[in-house]
Amino acid sequence: MAESRSPDRGAKEDKPRPRNISREESLQLEGYKHACHALLHAPSQAKLFDRVPIRRVLLMMMRFDGRLGFPGGFVDTRDISLEEGLKRELEEELGPALATVEVTEDDYRSSQVREHPQKCVTHFYIKELKLEEIERIEAEAVNAKDHGLEVMGLIRVPLYTLRDRVGGLPAFLCNNFIGNSKSQLLYALRSLKLLREDQIQEVLKASHRLQY
């Protein structure tokens, strides 16, 4: 049966899509690179314009190539564990505040494998922090090794939709995302129960209308 079209696929839906794979199975693959990325998030009581709840801070970043993605990078699993490699990448991209943040196997959420344009497994982690920790990461990110080079800056994901029904998350999803980071973001919204499925579908439809 042919798959139905979905608004979040965009123009690239005809390209081979990554498939889900278990962490254990992925580590048995030969000839594949491994990349680990993490969503750092924290609850927030703030309100935009004193009326629109922020609810939760989710961090993404603007990359050197002009695309949005999550912090992290490639890990050589021959030398270190996925989590050790991710920790190193986070410190390089986000700075000294990450020295006290431990990302463990308990924070692991999913893995996907793709064959094109290169054989690669992407591993996704979700780590909850305190708002004060997120704010410290944001403040100290300018001192990171990769700031201004591989990382152009940190970005908070707007979880709300404004009265015009396109401002906020629908407009945010119109950005250019690297690899499967957009699907990882949508996965996180579902996994953390930040939006109901009907709300996610409405956001995707609004975002699709903005693009087309």
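Cβ coordinates come from backbone N, Cα and C, glycine included.
Copied over from Swiss-Prot, here are the features:
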- Glu89, Glu93, Glu150: Mn(2+) 3 binding site (BINDING)
- Glu89: Mn(2+) 2 binding site (BINDING)
- Glu150: Mn(2+) 4 binding site (BINDING)
- 39-187: domain 'Nudix hydrolase' (DOMAIN)
- 74-95: motif 'Nudix box' (MOTIF)
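Neighbouring residues of the recorded Mn(2+) 3 site, listed in sequence order and excluding Glu89, Glu93, Glu150, comprise Pro71, Gly72, Gly73, Leu90, Glu92, Leu94, Ala144, Lys145, Asp146, Val151 (Cβ within 8 Å of the Cβ centroid).
Taken through DSSP, the domain 'Nudix hydrolase' (39-187) splits into 45 helix, 49 strand, 55 coil. Cβ neighbours of Glu93 (Mn(2+) 3 binding site) (same chain, under 8 Å, six or more residues apart in sequence): Met61, Pro71, Gly72, Gly73, Ala144, Lys145, Asp146, His147, Glu150, Val151. Counting other Cβ atoms within 10 Å of each Cβ, the binding-site residues Glu89, Glu150 show the lowest value at Glu150.
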